[in-house]
Every structure is written in C-alpha cells, then in structure tokens.
Amino acid sequence: MEAIINKLYLQESLTEQESQQLFDTIIRGELDPILMASALTALKIKGETPDEIAGAAKALLANAQPFPRPDYDFADIVGTGGDGHNTINISTTAAFVAAACGLKVAKHGNRSVSSKSGSSDLLDSFGINLAMSAEDTRSAVDSIGVAFLFAPQYHSGVKHAMPVRQTMKTRTIFNILGPLINPARPNIELMGVYSQELVRPIAETMLKMGMKRAAVVHGSGLDEVAIHGDTLVAEIKDGVIHEYTLTPADFGVNTHPLEAIKGGDPEENKAIITHLLTGKGTEAQLSAVAVNVALLMRLFGHEDLKANTQQAIDVMNSGKAYQLVEKLAQHA
C-alpha cells in the first residue's frame, strides 16, 4: 500500500489493479483516514484516469452485496449529481417513462448530496420502499420493468470513507463512482456527468468495465441531456466510442430556458412529477424527460430520436408511466 500511495505523491497514475487494491483497502476500512485523505487528494489534483476509476469501481462492486442479475438487456439512467442546478428529478422520472416504453431499468441511487431532492427523496415521497430486498427488487424489474437499488444497502463499505469525504468538503473520485457501481451490473447505461471534461474519460472507463452499450452526456452545464442548449455525447457501440453533439432540434423539441425545469424540495418535486406523469406537465418538463428517455431508447437499438421522444411524451400524457410508480409502491 505504501508503494501505491508514494506513487500518487509523485503524481504518477496508478494501474487499474493498483487502484482496485487501494479502494479495496478503503472499502474494508483498513486504510488510515489520514492516508485515505492524502490518496483521494493526490488523485483529485492529478486527475483520475479511466484505469483508476475502473479499478476503484471494480473494488466497490467486488465488495458489494450480491444482486441476482437479470440475463436480459437492462439499463441504468443516472447522473453524477453535483451540477449545482437543482432541476426536477429528470433521470428518476425518465426511468419510469422508459419502463412504460418497454425498456427494463434497474436504477441505482442515493440520498441527495447537493440538490434539494435526490432520487431516493422523491421515491420515498411516493411510498416506494427503498429497503426492498434484492430478490423483490429483481422481481420488480422483471414484472414492472423498473426498480430502484438504494446504494447504502449494497455498498456498506463506503461508510468508511464518509468521515474523510465530509471533512474534505470537495469533490473526489467518489462523486463519479456512484453511477458506475450499480450492484445489478446493467449492460446498458445512460450516465450524465457534471463536467464536460469527464465525458470521454467516463466513456473509456465504461468500456473497460465491459458495458455493452452506453452513453455519457453533459448538457450545457447539466448532468443530463439538455433542452436549453447542446449536449455532448460519448456513446459506446460495438466496443468503440463515438463522440457527437445533440441539440433539442435533433429530438424534435423546442429549446427552453433552464429556469423552466427548476425543481424544489421533495414535496414540490412530487407534485411536479405527478403532474408530468398524468398528462399535466408543461412542454418544457415533458421535453426534458423525453429527450433523456429517447437517448436511452437509442441504446436499446431504437435509433430514431424524434420518434423515441414522441413515444416518451405520449406515455407521460397517457398516465401509463404513473401506473408504474403506483405498482412499484405496492410491490413490497
């Protein structure tokens, strides 16, 4: 371990194996907190490489509680958070809409770090059981098409890093690991990142982790596909990363100001999402969710973004996605 940490002091990058070893020690609670802070700081200042991120993610997955992985194609749709814009819960809402469009989604999430209402805060407000067993969660993905894995239930070892992270009060590699350590191990993923500098490295990380098809996005300041500006995309297809830019027009929607999709506290967000999923959403809110669902549908082989967007809007207006929220609340 000393050799690994000394390497970081010299601002040298770790191999994937070394990073996995370092994070295995952290997750088991075997690394002194002062050394942990030093290692996290050194990684942050140097800039984490895809090898280092993949190694850390593999360590966390290896130490996670097991989950009965489906043998069919299924996805996660998730953002790193931390973009500082406090929009409505787009990826959580999109998970239900995607399921109503026929996709399978096992969404990994946590309590809110920086926004007023994280995905679990919202699900809580709908009466969805965040402590559902792995078996019940898996059966929800099978039968309803969507379920939610609450991070602390599967990644108990992350608690060893919490005091250090809270004291450091700055972003570390842990801020980008969440979306990469879904214990269900989906083979398809749409992941939003808080900075465009992360788009390519995270796509390279996903490639190293064996993701079948995925897209990493940053939308003009948001960790989602944007309707207020351009979205930078790095898409993994057939083992190759394709980078491109999408505009609202590519989805057949109008451009809307960021203000139009502002969120609030969990109760306000619950009201907004209920409206959205029962045909009473605003054009901007519907578009914001639909463009994210549309890109996720592309990852399942439905290539026409405009048709996908329209299908997602129709599903929201029909109330079909809201029925899935109710089903999941009754599931366990």
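Backbone N, Cα and C define each Cβ position, glycine as well.
Record features (Swiss-Prot):
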- Gly79, 82-83, Thr87, 89-92, 107-115, Ser119: 5-phospho-alpha-D-ribose 1-diphosphate binding site (BINDING)
- Gly79, Asn110: anthranilate 1 binding site (BINDING)
- Ser91, Glu224: Mg(2+) 1 binding site (BINDING)
- Arg165: anthranilate 2 binding site (BINDING)
- Asp223, Glu224: Mg(2+) 2 binding site (BINDING)
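Within 10 Å of its Cβ, the residue among the binding-site residues His108, Arg165 with the fewest other Cβ atoms is Arg165.
Cα of Asn110 (anthranilate 1 binding site) to Cα of Arg165 (anthranilate 2 binding site): a span of 16 Å. On the backbone, the CA of Glu224 (Mg(2+) 1 binding site) and the CA of Ser91 (5-phospho-alpha-D-ribose 1-diphosphate binding site) stand 8 Å apart. For Asp223 (Mg(2+) 2 binding site), the nearest of the binding-site residues Ser91, His108, Arg165 in terms of C-alpha separation is Ser91. Within 10 Å of the C-beta of Asn110 (anthranilate 1 binding site) we count 19 further C-beta atoms, all protein chains included.
Its own atom aside, the Cβ of Gly79 (5-phospho-alpha-D-ribose 1-diphosphate binding site) has 28 Cβ atoms within 10 angstroms in the protein chains shown. Reduced to three states, the DSSP call for Glu224 (Mg(2+) 1 binding site) is coil.
With respect to their backbone Cα atoms, His108 (5-phospho-alpha-D-ribose 1-diphosphate binding site) and Arg165 (anthranilate 2 binding site) stand 20 Å from each other. With the fewest other C-beta atoms within 10 Å around its C-beta, Thr87 stands out among the binding-site residues Thr87, Ser91. Distance noted between the C-alpha atoms of the residue listed as 'anthranilate 2 binding site' and Ser91 (5-phospho-alpha-D-ribose 1-diphosphate binding site) is 25 Å. Arg165 (anthranilate 2 binding site) falls within a helical segment according to DSSP.
According to its DSSP assignment, Ser91 (5-phospho-alpha-D-ribose 1-diphosphate binding site) is helical.
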